[in-house]
Every structure is written in C-alpha cells, then in structure tokens.
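Student: What follows is a single structure, and I will ask about it in a moment.
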Amino acid sequence: MTTDAFNEIAIPLEGVESEHCALIVDKGLGKVHGIASHKVELNNRRALITADENEVVSNAVSAIRDLGYDVPTIKKNIPVLDMTCASCAISVESMLKSQPGVVAAAVNFATTSVAVEYLPNMIDTAGMQKAVQSIGYDLLIESAEKEAETLEAIHQQKFSALKKKTLWAALITVPLVLIGMFFMDIPYANEIMWVLSTPVVLYFGKDFFINAWKQARHRSANMDTLVALGSGTAYLFSVFNTLFPSFWHSRGLHGHVYFEAAAVIVTFILLGKLLEEKAKGNTSSAIKKLMGLQPQTVTVIKADGREEVLSIENVNKNDTILVKPGEKIAVDGMVTAGSSYVDESMLSGEPVPVLKKESDAVFAGTINQKGSFRFRAEKVGSETMLAQIIRMVQEAQGSKAPVQKLVDKIAGIFVPVVIGIAILAFVSWIVLSGDNGFTQGLIAFATVLVIACPCALGLATPTAIMVGIGKGAEKGILIKDAVSLELAKKVNAVVLDKTGTITEGKPVVTDSYWENEDLHLKQLFFSIEKQSEHPLAEAVVKHFEGLSATAITGFESLTGRGARAQANGSVYYAGNRRLLDEKGIRIGEAFLERARQWSDASKTVIWFADAQEALAVFAIADQIKSTSMQAIQALKQTGIEVYMLTGDNEATAAAIARQTGITAYQAEVLPEQKAAFVKQLQAQGKTVAMVGDGINDSTALAQADVSIAMGKGSDIAMDVAKMTIISSDLNKIPEAIQLSRQTVATIRQNLFWAFIYNVIGIPVAAGILYPVNGFLLNPMIAGAAMALSSVSVVTNSLRLKWKR
Ligand SMILES: Nc1ncnc2c1ncn2[C@@H]1O[C@H](COP(=O)(O)OP(=O)(O)OP(=O)(O)O)[C@@H](O)[C@H]1O
Ligand SMILES: [Cu+]
Ligand SMILES: [Mg+2]
C-alpha cells in the first residue's frame, strides 16, 4: 500500500481544448477537498493532482465531469474469489479504492464481483489483482466469454471441496462431542479429545487462520478473524489445561477442556457456509435459466440450398436459418418464409404463443411450436436481445440498493467493535469474579467472537435484490438497477404516454384525402416517412406499399411535430397541424372539414404539405391495447394517480382518455413539456413513474423517479429507462410495484433478523444473564446459531421467489 507518500495521479481529459478550458478545470480542482496540489497540462490533455488519499481521485473526476469535460475511464465488472463474508467485501473494496488510478470500486458480496472504474493510464486489471491478492483474495481476470464458464467451474470446484471438508469435519466432531458430554471419565479423555480436535481445528479450519493472518498483516479483520480467534482461544486454552492440570488444581479449581467446542465451531461454520453457498446459487438461478435458453447448434441454409448444422458461434448476420417444430430459436432475426406459433414467455412473461409470419421479428431463446419457418439472422452473439437481457440482469443484480450503504458502514466497523466487546467481557469477568472468572471470561470471550456474525448483515440486502431482479426478469420485467426496484413501491403517480403505451402502437391509415392526386407527391410523402422512425410514419409507409421511393435530401426529424425534407429545390413537410401552423402553411377548407370529422372519431390526423399549402391529410387509427383499461383501473385502485400525456391532438386524446378511464390528461405536449410535467408532479412531493415508448418520451423518462419503457418501443426509450416491460403490457406496472414492495419487505425482515440476532446474541454470549439466572452460553451453541443466522437470511430471500 502506498499511503505514506503523496501520490501523483494523472487524469486524462477530454474536451479540454483551450487555455480557457484548462483554467476552468484547474479552478474546479482547486475546490475539491483533499487535493494537495493540482495542475492542468493542456498539451498532454491531462490534469496532475497529488493527494495523500486515492479516494480523492473520485471527487476530482466527478468535479471535472460536472464542469462538462469528460475523463475517459474504463468500467468493468470483475469476479472476486475467496470472499467469505460481508466484511471481506469491505476489505476488498477499500483495498481497491486505495490503489492510485482507481476511481470507484463497489464490491457485491452476493454476486461475488466488484464493479470498478479506473484510469487505464494509471492502473490495469493485473495491478488491481495484485493488490487484492495481497490481502488474501483474488480477482478473476479473463476474457468476457470465458469468464462466465471459468467462474462457474471455480465455484463448482470450491463447492465440492467445501462439501468434502465439512463432511470430514462433522465425522470427527460427532464422537468428540459424545466424549465431551458423556465420557469425560474414561482414561486419557483429554488427550483423546486433543487428538481428535486437532485435525478439525488446524486442518479443516486452517483457512480461517490463514485468512485472519493475512487480514491482520494489513491491520484489518473479518469474519475469519472472529472464527479463528474464537476457536483458537478454546483450543489453546484446552491444550494448556491438558498439559498443566495442576495449574488450576493448585488454586482449588478444575481446568476444564473445550476441545469439542473448538471443533464444533469450525464444523458449524463450515456447514453454514456450505448451506449459504447452496442457497446463494439458487438466488441467481434466473440468470442460469436465461443462459440455458441459448441453443448450441443452428441449421443454416446455404446459398445453394444445402442445410448445414453449425455451432452457434459460426452463425453470421444475414444467414438464412431453418427452424424446425419444437426447436429453440438461436439468434434474433426476421421471418422470410413459412409461419408458426412461437413461445416467447421466457422473454416477455406472456404465456400465450405468438403467431410469426413473414417479416415478423423472432428472438433468440424463444421456442418454436408446431410449424416450421426460415428466418434471416439480424443480430447474433452478444447483440441478441437475450444476450442483452442477461447482461442487464447481471449488472442489475450486482448493483447496490440505497439501504446497502448504511449496512456497509456497519459491517465495516462490526468486527473491531465485536473484538472490543469480547475483550471487555473477558476483563469484566476477571474483575468481577476473581480467579474463577478467568476460565469463564475466556469462554465468554470466545463465545462473543463466534456468535457475532457480520455475514447475515452483508447478505440481507443483496440476496433479496438478486431474487427480486431475477423474478422480475422471469415475469418479463427487466429492472436495470437496484435503486429502481427499491423506489418503485413508493410510486404514487404514474404518467402514461398514449401512442405505443396505452395504444398498440400499430397504427393503420384508415382514410386519406388529396386535393390533387399525383404520383410524384405520393412518392415524396412515402420517401419522407420511410426515413422517419415514428410509429405513425410506419403506418403511412405501409399504406403506400408497392410505391417506389424518390430522391430526397436534407431529411430532418422534428420531434413532436413530424419531419421535413427537400426535393427538386423545394421543401416538404409531413407532420401535425402544429407544424403546419408554425410554418404558416395554408390549409384548404375541404381538408379542415375532414380533419375535424376524423379527430372526433378519435383518429390521429397527419398532414403532408409543401412550403405554401397542405397537399394531403391522412387519418390514422391505433387500437387501445386490450389490457390497458384493466391496468389503469388496477393502478387507480391502489391509490395511484394516473395521468396521460400525448403529442397527439386534443380530440384524439380526449377520446382515448374517456375509453380508458383516465381523467387527467394533456394533449399536444412537446417532449420538453412531458419532462416539465413530471417535474411539476415531483415538486408536489409525488414519486413519479413515467411510462413511455418513444424518443419523445426519453427526457421525461430521465426526469422521472422510476422510468419504464415498452419493449416494443424505440431503443432510445429502453436505453434511458431503468425498467423495461418486454411484452409492453401495462398490467406489468402494478406487478412491478408489487415486486418492489415484496423485495423491500424482504430486505427489512432480513436486516431486522440480522440485527436482532447480534443485539441479543452478543450480550448473552458475554454473560449478561449470568448474574440474573446463572445462564452462560455454550460456545458450541454460539457456533450453531452463527451458522444458522446467515442461512436464515438467505432462505428468507429465497422465499420471495415463490411469493405471488
Ligand atoms: N413522421 C411523422 N409523420 C407524420 N406526423 C408525425 C410524424 N412524427 C410526428 N408526427 C406528428 O406529431 C405528433 C406528435 O408526435 P409525438 O411523437 O410527440 O407524439 P405521439 O407519438 O403522437 O403520441 P405520444 O406522445 O402519445 O406517444 C403526432 O401525433 C403526429 O401528428
Ligand atoms: Cu458469519
Ligand atoms: Mg409514444
């Protein structure tokens, strides 16, 4: 560790192009607490800072980013090996944070991984690995694909080694306990017990001592320290009593031996770990299930019509793939021939198979039913939706919930505090009951160390989050971070977008009116809409199917209004009435008349115009999703306010609101106004969930406390939103809120049990009840209780999985 010298850290800068920028950054750094000196080198595009603590770097980097300049860093999720306990997580975390160049490090004990952000010019993964190794842990540094496999193999191997060790330890411990309880009067009882307990404590339990030693070298301590001290004290004390029984006899006392206690502690803690590992494996079963959905081989149809079975890595984009009845679909793509029903429940949570025909999208991991079809591969490997979901769920399961911060703080000081209490108990016993107090004080010392368990505390939050996020994924609710999962239960206002959220988002042109029908104009309209990403544009494109496109230039999307482009030197617009009004475009009476009729029939009206006058008006209908009304009712029934915001016109909005039972809505809102509306609700103290599907919703999504995107919507909305409902069924919103409630309740129960257990267990172990009723906790029982506490926390989290 380099805590002694003042470290110089070079922070690379991006966007610092002028003397002026350099000055701003330098001034910004001047305000960061803890920086000893700083200078900005414009030519080298970097800032040099010195500080006696590396933690300052994180503040410096965020200060630079706050000023609008970027610091190129690398973010990685690296598996951590050999962590046994939540306080190990804290040790690894602070070790990494102290390495020059590490900007941030967050260790998650449940997923046994660390999320690091670092400056690649200062440190690399090998450097971090070395630091972590020095305190007795390790980082698994591998290529991303191999990582999952290797990690799985390592876990498997460790698990079976642990199983063997526990079994042997238990086999030896059972006779030991029998002797200790019933046969203390046989000859050489003490010596026999010494012989039996030695392999258990010193061989099967050697890792506790080794790890405690490694920790001690860095002046830190973790659960292993507690176990090593507790069991080691009992063992050494017993050895002493066996060798020098006269020491106590001469003082008129009996030197009892505690060999069985020393061994039982080790055995129980090994057993507890074994059960914990097993349960922890179950909490991540959702991920394993998702990974298992990927088939290993694919039937590709070659250009000459030959069928060839390839392994999944060898499939390329644009390959034609044959899907036979009952087969799993291997990659994402679009159906080119044939049709069939496909079970997409694993992705969307929707149990009913979906009909797939020509030009429909199919997804990796879904299962074909009875038909057969061919499709063209469009996304392969890590690009498929399945791969993205897996990545997202993994990251989310590793993210920290806000409550975790407090728990981490407590876990960090837990071990030293416990050792303090243990010493205090020992000293008190001697002071209060003299010579006799020494033996009992020593036992109280060992018992306190053994019963105190920081792991239950450390497991309380992450295991519940893992199960909650995994369960969400199974229901087709993708949750990107723990914060959203924790927050969702507080939501009391839901803002819904109309098109694509309440409605199907599959608009169809139902009517159209041209003053002068002209093929070239139609082609122009078609060409503009063809370039637009808006769902309404798709309807127009479909309407003109078969028409050929014509050359346009300078296409520009006007969010909330429509689009424009140029052709033959003049400008053309496709969009809403607002757009035409803003451009001062004339609209003939015949158009206006039809527009009124159509919007009263709750249809969306869009226009096509040149710079002077309207050329055509179209009516587009978009059906309300069959599930929307029920979902809106369900939300209202739980006391949540429901609002609708839409960029569409007033009459259409009113009609949709009426049909779905929404009383509060606003029409013709621009994207910024959607965000402003959310902000306004927040200002009234509400926790707001925004639900949307389009680019026009993304600012509002970013503003909301909980952001929910529709899986069938635009990629941008899904990128911004912290939750995605893959099936786009609004009924999943109350379900997500319910899931959040259950998860938070589980976390609370877990924390309660973890705390109460220590709050009661430690004083009793110290002997607080002894003056009252003569009760002294047996160190063996303490070992069992300690093992049980983390098992019960993990089991409670698993219960969440089965809750409805
Ligand atoms: N490519 C386009 N072609 C024609 N009209 C468009 C196009 N893009 C937008 N518009 C017009 O602008 C209006 C507002 O669009 P916006 O994307 O803000 O909301 P929306 O998708 O209609 O509704 P919601 O906000 O409920 O999703 C649309 O109703 C439509 O009239
Ligand atoms: Cu523990
Ligand atoms: Mg929309």
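Placed from the backbone N, Cα and C atoms, the Cβ positions cover glycine too.
Sharing the feature lines straight out of TrEMBL:
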DOMAIN    7-72  domain 'HMA'
DOMAIN    74-140  domain 'HMA'
TRANSMEM  167-186  transmembrane segment
TRANSMEM  192-213  transmembrane segment
TRANSMEM  225-244  transmembrane segment
TRANSMEM  256-275  transmembrane segment
TRANSMEM  410-431  transmembrane segment
TRANSMEM  443-470  transmembrane segment
TRANSMEM  751-770  transmembrane segment
TRANSMEM  776-798  transmembrane segment
Student: Averaging the per-residue pLDDT over the domain 'HMA' (74-140), what integer do you get?
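Tutor: Per the prediction, mean pLDDT sits at 85 for the domain 'HMA' (74-140).
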Student: Is the transmembrane segment (410-431) in contact with the transmembrane segment (776-798), using at least 3 Cβ pairs under 8 Å (sequence separation of 6 or more) as the test?
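Tutor: Taking Cβ pairs at least 6 residues apart, the transmembrane segment (410-431) and the transmembrane segment (776-798) are not in contact, as fewer than 3 fall under 8 Å.
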Student: Going through 192-213, 225-244, 410-431 one by one, which has the most CB pairs that fall under 8 Å from the transmembrane segment (443-470)?
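Tutor: Stretch with maximum Cβ contacts: 410-431.
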Student: At an 8 Å Cβ cut-off, counting only pairs 6 or more apart in sequence, do the transmembrane segment (192-213) and the transmembrane segment (256-275) clear the bar of 3 or more pairs?
Tutor: yes
Student: Given a Cβ distance threshold of under 8 angstroms, which distant residues of the chain, six or more beyond its ends, lie next to the transmembrane segment (167-186)?
Tutor: 192-193, 196-197, 199-200, 204-205, 259-261, 263-264, 266-267, 270-271, 780
Student: Short question: which residues 6 or more past the ends of the transmembrane segment (410-431) have a Cβ under 8 Å from it?
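Tutor: Beyond its ends, the transmembrane segment (410-431) has Cβ neighbours at 86-87, 89-90, 94, 221-223, 225-226, 229, 437-438, 440-442, 444-446, 448-449, 452, 454, 457-458, 762, 765-767.
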